[in-house]
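The feature Zn(2+) 1 binding site is assigned by Swiss-Prot to Cys55, His80, Glu81, Glu165, with similarity to another entry given as support. Residues or ranges marked as Zn(2+) 2 binding site by Swiss-Prot: Cys110, Cys113, Cys116, Cys124. Annotated NAD(+) binding site per Swiss-Prot: Pro192, Ile193, Asp213, Arg218, Ile293, Gln317, Tyr318, Arg319, in sequence order.
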Amino acid sequence: MATATVLEKANIGVFTNTKHDLWVADAKPTLEEVKNGQGLQPGEVTIEVRSTGICGSDVHFWHAGCIGPMIVTGDHILGHESAGQVVAVAPDVTSLKPGDRVAVEPNIICNACEPCLTGRYNGCENVQFLSTPPVDGLLRRYVNHPAIWCHKIGDMSYEDGALLEPLSVSLAGIERSGLRLGDPCLVTGAGPIGLITLLSARAAGASPIVITDIDEGRLEFAKSLVPDVRTYKVQIGLSAEQNAEGIINVFNDGQGSGPGALRPRIAMECTGVESSVASAIWSVKFGGKVFVIGVGKNEMTVPFMRLSTWEIDLQYQYRYCNTWPRAIRLVRNGVIDLKKLVTHRFLLEDAIKAFETAANPKTGAIKVQIMSSEDDVKAASAGQKI
């Protein structure tokens, strides 16, 4: 086992449970285990996690205790958007060395089932996805993980490295939706995934792009990211079809939504909310597509006959596969800039406050990052690379 860096701080993690408690406590592997290489399996490396983003699913596991069939059944560590430094490697690992900066792709697959063997490993029948019960997540100071799922990020900041996970979600959607250069595109929802999808759609050449949300502040934030994006504030009292008319009106510079009006070929649905999915369906052109990235309730009602008579494809996404190298290139080469998305930063020991901030709409939080040291928090907040 090769090691680097003087390790001094104990391992702690951010836990929830069936009672919806949230706390910070000692976590595995222990500091002594990390120093001595105990528990490091063949093919694994130990990572000192330096930055982790809070995902909406983390908040949902805390508040609701489940997402569909994925249920918290005991003490459970959250977090799956992380980057850090390799501090130890198993003897058989040759692709990484202590000191390497990496982003963690948070899955472990079986490499034996049909999805794995056909390259769609996000559908692995035996997947262990970090932070999805019962598999503990990355919100801890040290973690062991297979080297094959640790992607070198070079001189990229750990903060950007942690944002590669939500970017991968967006890239998977853009690719599978078939979005083309010059396509009119609708993005529903200006949360973190919607905003990253907006950046990705712009990079892919979509034009014009309209983004929707119920929060005017988030729409203003979207315009700060992509100044020429058009925005539509969803009206709560209107039907899905009526909101769609408003969306089409925005696509047409206020000239209405009647026959001949420009409609999006692709709608990237990033909320998972039934009314938003329905509005997207009512918005797209004949032969268009509604691509659902957002996670919603187990069952929902959609305008079936609109889908049928307008030949609209309704397509879904589950996580991602084979996206991380591309995501790294896009960020490293400046094609997609994610820095503005981070609005709040907290120390690992202050994770409860971080989660409260992420969960409260009044804070204006977009992406909340949790970092392993006070120096990292101060440096990142000052715009310095960590």
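Backbone N, Cα and C atoms are what each Cβ position is placed from, and that goes for glycine too.
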Would you mind reading off the Cα separation of Cys116 (Zn(2+) 2 binding site) from Gln317 (NAD(+) binding site), to the nearest angstrom? 16
Round to a whole number and give the Cα-to-Cα distance in Å for the pair His80 (Zn(2+) 1 binding site) and Arg319 (NAD(+) binding site). 12
Here are the binding-site residues: Cys110, Cys116. Which has the lowest count of other Cβ atoms within 10 Å? Cys110
Taking 10 A as the limit, how many CB atoms besides its own sit near the CB of Glu81 (Zn(2+) 1 binding site)? 32
Integer Å distance between the CA atoms belonging to Cys113 (Zn(2+) 2 binding site) and Ile293 (NAD(+) binding site): 24
If I take the Cα of Asp213 (NAD(+) binding site) as reference, which of the binding-site residues Cys110, Cys113, Cys124, Glu165 has the closest Cα? Glu165
Under 8 Å Cβ to Cβ from Ile193 (NAD(+) binding site), same chain, six or more residues apart: give me those in sequence order, or none if nothing qualifies. Gly56, Pro166, Val169, Ser170, Cys270, Ile293, Gly294
Are there residues of the same chain, six or more positions away from Arg319 (NAD(+) binding site), whose CB falls under 8 angstroms from its CB, and which are they? Asn107, Asn122, Phe129, Val169, Ala172
Round to the nearest Å and give the CA-to-CA distance linking Glu81 (Zn(2+) 1 binding site) with Pro192 (NAD(+) binding site). 13
CA pair Arg218 (NAD(+) binding site) / Glu165 (Zn(2+) 1 binding site), Å rounded to integer, equals 21
Note: among binding-site residues Cys55, Cys113, Cys124, Ile293, least Cβ-dense neighbourhood at 10 Å is Cys113
Of these binding-site residues, His80, Arg218, which scores lowest on Cβ atoms within 10 Å? Arg218
